[in-house]
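As written in TrEMBL, here are the features:
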DOMAIN    1-209  domain 'ABC transmembrane type-1'
TRANSMEM  48-68  transmembrane segment
TRANSMEM  74-92  transmembrane segment
TRANSMEM  159-178  transmembrane segment
TRANSMEM  190-208  transmembrane segment
DOMAIN    251-487  domain 'ABC transporter'
TRANSMEM  490-516  transmembrane segment
DOMAIN    492-780  domain 'ABC transmembrane type-1'
TRANSMEM  536-560  transmembrane segment
TRANSMEM  614-634  transmembrane segment
TRANSMEM  640-660  transmembrane segment
TRANSMEM  754-775  transmembrane segment
DOMAIN    813-1050  domain 'ABC transporter'
Amino acid sequence: MIAKLRYEYVRSLMRQNAGWFDKNHSGMLTSVLNENVEKIQEGIGDKLGVLVRGFTMFFAAIIISFIYEWRLSLVMLGLAPLSFLIMAFQGMKMEKSTIKEFCNIAKAGSVAEESVMGVRTVQAFNGQIEMVNRYKNELTRGKKYSLIASFWSGMMEGFFFFLLYVFLGGGILYGAYLLKSGVLASPGNIFIVIMSQLLGAYFVGLISPPLMGVFKARVAAAVIYETIDRVPEIDVYSTVGEQLENPKGLVEFKNIHFQYPNRQDAKVLNGINLTINPGETVALVGHSGCGKSTTAALLTRLYNFDTGTVTIDGVNINEINIQNLRKIIGIVQQEPTLFNDTIAENIRISFPEISQERMIEVCQMANAHDFIEALPHGYDTLIGDGGVQLSGGQKQRIAIARTLARDPKILILDEATSALDAQSESIVQNALDKAAQGRSTIVIAHRLSTIQNANKIVVFDKGHIVEEGTHQKLVSLGGHYANLKEQYKWMIAGFICALFRGLELPACGLTFTYVFESFSMLQESPDEMMRRCLNALWIFLGIGIGSWIFQCIGSICYAMSSENLTLKLRIAAFQNILYQDAGFFDNIANSPGKLITRLATDVLNIKSVVDCRMFLVTHSMTSVVISIIIAFFYSWKLALLGTSMLILLAFGEIFIAYKVMSKNIKIARNDNAGKTAIEIIENVKTIQLLTLENHFINHYLVALDAQKTLIKKKCFLESFNNCVAMSFEPFMYGICYALGIHLIHSNRNAPADAFQAITGILLTAFAITMSSSYFPEFVKANSAAKLLFSMINRKPSTGDSNVGEKIDISGTIRFDKVQFTYPQKPNQPVMTNLSFKASPGQTIALVGPSGTGKSTIISMLERFYDVNGGSLKIDGKDIRDLSLEHLRTQMALVGQEPKLFSGTIKENICFGLAYVVTENEIDQALTLANAQKFISNLPSGIETEVGEKGGQMSGGQKQRIAIARALIRNPKILLLDEATSALDSESERAVQEALDKARKGRTCITIAHRLSSIQNSDVILYIENGKVEEAGTHSELMGQKDKYFELIKKQDING
């Protein structure tokens, strides 16, 4: 059932439209999947069985009681309606708190996912502490609501036991009255009624922990089913709609107005009118954020426009079946999304029927075949999460091949060649030009040289089309286009309360013996019998008050202890993850999906044994020890028999526990379903655009099915253990009663002594049975703790980031015969003999084919990895001897794919700073990054929320914010990995000028495929095969007429 629920939830997620995802962050959805489903599994698993057994026992006790003595049963039945009122009130209070608790935990999960998925950016800007604090703040808010729920649980459960003992004492006194008045002839029926109702009511009283689990499961299920039952406005599973057969590709936008659902104050498109004729190539250009990518998103129906119409071949796209629509449209996005599979499977998912020959053909068109064949496993190479094992250019080329494989009638290229080096770009651009023939093509570009040959160029500005025409026509107009060119103290207190609560059952047993002796005085002194039964009432009243007090205090203490412990465990694990080296994340066992899943589920499993359930187990075990001692005191023979049988039961359960624990660890380590679900949630837009919903839901189903065998074996062992524990209790009762009767008959024990010994043994068995229902949780917690603490205790290979020399560097960098291979690819050397030096204030440009080690150089300067051989020195000191944290405060990285985090623009710019910056400093950084203008046009300015992963910003806007984030630090070493690749021409020129100024007085290492941007560098290094093949200034390298010269020639071909 749980697998089915996970399946339906993930399937429903892929059904939702883009506007819904703008409001529901992927991190929160992942948290809901992990934590809410875990709560549901708890609530409908053994907890539901315990509840059913408890209520069955309760009603059976009432029936038996009425059969033997209806008058007394009727008096004691008054407890039943009060019990249900208490549970109803408890459920109402807990539900409110639980909903709020889950909401905050989901937000914390979103922070965790965002951080782990963008961990290199977090590390590069020393943002670990900031993200940990965000995570902690959300968890702390959730903790408050969890404590409120625990308070009401403890208060109501304690109140129930108070009422139980009041009714019990009252029932005994009323039974004595019936005996004295002659209505009853024997006290035997009184004991049957009282013991039956005691056991039934006591079981109901102890169902608070499983009842809490069921209530939480109910709340969790409501959140899950809200998503499952939601039918979006744009339904990818809908079978209705027109099927376009052999479309020609005539696309028309008529008076389109649009604003994003969660940004109603900012209109993106204002009355767009655009026609794209069959076979025509239309380029959309303009400043970042002007509406170009939004126009493409509307054509693929990621969003529905507000007013106007969009048609294909005269058919309104709202009337076309959504799957059919997306199958005739191919899209290559600015930031390519690949999946954790082989290269061949990443291409095949677009068109499953593709032959090997056709696959090779499209890869050759995308200039991907040669580098794929050079890999040890060729097309069967696993590329890791998001294609982490490949360079940016290699990922982009595979994404292009994937699109070409489905031979779409309409092609959308959203900066499709921005990540390619000059050699690859020229070939791929020619291939795309050929691919565009015979199909309608929309090209979104910032680099105008790539679209000069378009049939029509459309210029966007602030949501309007301001110019339209050919390249020559628009240049001649001289308009916009031309311009574009503390937990232990709580646990101890709870433990003490549990010890006192553990005296309850033994005290109850002794009081029953006192009552048993009192009833034997019926013939001799009826008045004395009544007096002693009245004393018993006061004793039970005292037991009830004690139970109420200690239950309430103990529950709160254990809840506080468990919340503090789980908070610390979550934070410790999360923090340690953020400080790990890159090799840790390259390991498939530590994929972001698996880490996020472990962070959610392992802590929940540990929490289950240190919250109110631990309180129940503690006081039950206390009752066991004291009851056994009392039993030995009254009859060592009976006690020895009962204890021997209990020891036999304990050994059996320990054996089963070992088996279950090994199964739990195996299940956790082979959990690919969680990783697959996160990959789906993270890339849902790409999946929808490629119409791969069925492919991925089947892939997820396979991952779920792969675990079913292990889970079934584990469930069988847990069920078998539960059956043995439950059936052992009546079996032991029968054996002990048989021996007791024999001892009384042979005059070896007085009846009262035998009764007390048997009562002690029965209470012991009852307490153990109650505790055994939580046996599976202790086993799961043990398994989870091993996995979690192995994560917490792992030391990164780069060492403690705060240990080492803290020097103010000048910026001298020296690579000396550096050798390096990635930890997961030990047989594929990336650097073989790399040597070069950068002096303070010098700009070093790295050029060369994709995948030859350029980005690796930056990774080593940031110490994501350490060198295997040779040395890397900063200011003459080995980089490993310097404090990593302090070193990163003097460096800044602007990557090819900018990573922003949920929060405002200001918060992203100041991310990771250990000091407060002034508004003037922020303005200066924004001005340098050419971001001031577009930010000032936003309704909330610098306080505008960027959305999850910066999703509310365009690619160019995100890049400029990332540049401002780097410049505000005034770094001594500036690392630029294609820092201007996502910018439009005007912004690129302005930012390039700003970066030229920013480079003065600091060392700069820049990677660029657009060679025009690095011609003024002090030194240009041509990197190939893991070493420097050519070095010199632009003019020097051009004079050599070798590899760099060829690169320049290829790029000149493109203009």
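Glycine is treated like the rest: Cβ placed from N, Cα and C.
Whatever TrEMBL says is automated annotation, not expert-curated.
Contact between the transmembrane segment (490-516) and the transmembrane segment (74-92) does not hold: fewer than three of their C-beta pairs are under 8 Å, each pair 6 or more apart in sequence.
Panel annotation: around the transmembrane segment (536-560), residues 146-147, 150-151, 153-155, 157-159, 161-166, 168-170, 172-173, 487, 490-491, 493-494, 497-498, 500-501, 503-504, 507-508, 511, 514-515, 518, 610-612, 614-615, 619 of the same chain, lying at least six beyond its termini, place a Cβ under 8 Å from a Cβ of the stretch. Distant neighbours of the transmembrane segment (159-178): 69, 71-72, 75-76, 78-79, 82-83, 86, 184, 187, 190, 193-194, 197-198, 201-202, 204-205, 504, 508, 515, 518-519, 529-530, 533-534, 536-541, 543-545, 547-548, 551; these residues of the same chain sit at least 6 beyond its ends, with a Cβ under 8 Å from one of its Cβ atoms.
With a threshold of 8 Å between CB atoms, the same-chain residues lying at least 6 positions outside the transmembrane segment (614-634) that come near it are 206, 209, 494-495, 497-499, 501-506, 509-510, 554-555, 557-558, 562, 640, 642-643, 749, 753-754, 756-758, 760-761, 763-764, 767-768, 770-771, 774.
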